[in-house]
Amino acid sequence: MASCATGTEAAIRAAACRDGDAAAHLKLISVLVIFLTSVLGISGPVLLARYFQGKPLYDKAVLVIKCFAAGVILSTSLVHVLPEAFESLADCQVSSRHPWKDFPFAGLVTLIGVITALLVDLTASEHMGHGGGGGGGGMEYIPVGGEAVGGLEMKEGKFGADLEIQERKEEEIVKMKQRLVSQVLEIGIIFHSVIIGVTMGMSQNQCTIRPLIAALSFHQIFEGLGLGGCIAQAGFKAGTVVYMCLMFAVTTPLGIVLGMMIFAATGYDDQNPNALIMEGLLGSLSSGILIYMALVDLIALDFFHNKMLTTADESGSKLKKLCFVALVLGSASMSLLALWA
């Protein structure tokens with residue numbers, strides 16, 4: 001592990017980049033730019049759903065976008081959030097102290113995030129499973145004679161009605177599941193966005209902030225596509241859709257403003273050990289939530305349980321390959337941004 005006393009040249013470069021006025025000007029620009037790119041990213045799939053729902057290619061287009069977004073979210077958690085959390089808790093100011101030097105807390109809190117997301121999923125699934133229909137289980141005796149035909153027709157009609165009710169119930173359960181996925185996913189993304197915003201808002205290093213504006217703009221577009229695709233598929237009411245989109249769009253800008261306020265009020269250094277610990281723990285928690293949501297509720301749910309991808313015909317096979325390519329492209333595009341942010 002590198003000593004805290006090393007890196008003199010890097011410290012000199014960092015000191016040259018620390019310009020409070022220039023940093024504040026860049027952060028004010030970033031608030032507007034990141035808000036607009038966030039709106040652009042999350043509104044795309046939502047508007048697509050509003051104007052093209054019911055069209056022949058709509059469901060396939062939303063599925064491909066969702067697979068691209070799943071790759072973005074998985075890459076965000078594994079390439080961006082988790083390494084930053086490990087780095088924060090591995091900083092020599094933190095890792096030289098008890099209990100942080102005694103145990104890999106970043107991995108532990110990530111695990112807690114995964115298990116917490118699973119618990120929420122199980123609880124919600126169990127709740128959705130209650131209230132299911134009873135009765136009607138088993139064969140019924142049909143009397144022989146003239147009444148048998150009429151009785152059979154009545155039972156066939158009843159069976160058809162029961163089947164239709166069951167299909168509607170399954171569709172409603174799928175919608176409820178998609179709504180839960182969207183809400184839990186947004187919680188994980190908001191955790192991550194707040195950390196990014198506050199960290200950037202407290203920073204006085206203009207050399208770091210300048211490339212971050214461009215990188216975070218693309219980051220918000222890709223992440224917005226992911227969340228917007230889930231929201232579009234979940235079938236929320238218009239008011240809920242607007243609220244969820246607005247929450248995503250304003251979280252990072254508000255985090256930047258909050259970071260600026262904290263620094264102005266306290267002079268709090270973003271390299272303070274307590275700030276690094278908080279950043280590392282929150283980052284680990286959000287990473288665990290995002291990993292679970294990406295792998296279980298997005299990738300596995302679509303590739304193994306979506307009717308359009310599980311059909312054995314040629315169109316299903318082509319769509320599955322297209323979705324896999326979209327998943328890889330989403331992962332690669334978000335991973336590439338790690339070169340700058």
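Positions of Cβ are set from backbone N, Cα and C atoms, glycine also.
Nobody curates TrEMBL annotations by hand; they come from automatic prediction.
Annotated in TrEMBL:
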type     : residues : note
TRANSMEM : 28-49    : transmembrane segment
TRANSMEM : 61-83    : transmembrane segment
TRANSMEM : 103-120  : transmembrane segment
TRANSMEM : 184-203  : transmembrane segment
TRANSMEM : 209-229  : transmembrane segment
TRANSMEM : 241-268  : transmembrane segment
TRANSMEM : 280-301  : transmembrane segment
TRANSMEM : 322-340  : transmembrane segment
Positions whose Cβ lies under 8 angstroms from the transmembrane segment (209-229), at least six residues beyond its ends: 23, 26-27, 29-30, 33-34, 37-46, 62, 65-66, 68-70, 72-73, 76, 80, 182, 185-186, 189, 196, 200, 203, 244-245, 248-249, 252, 330, 333-334, 337, 340-341
Same-chain residues at least 6 beyond the ends of the transmembrane segment (61-83) whose Cβ lies under 8 Å from its Cβ atoms: 45, 48-49, 52, 106, 110, 185, 189, 192, 219, 222-223, 225-230, 232-233, 283-284, 286-288, 290-291, 293-295, 298-299, 302, 306, 308-309, 319, 322-324, 326-335, 337-338, 341
Positions whose Cβ lies under 8 angstroms from the transmembrane segment (103-120), at least six residues beyond its ends: 82, 85-86, 88-90, 180, 184, 188, 280-281, 283-289, 291-293, 296
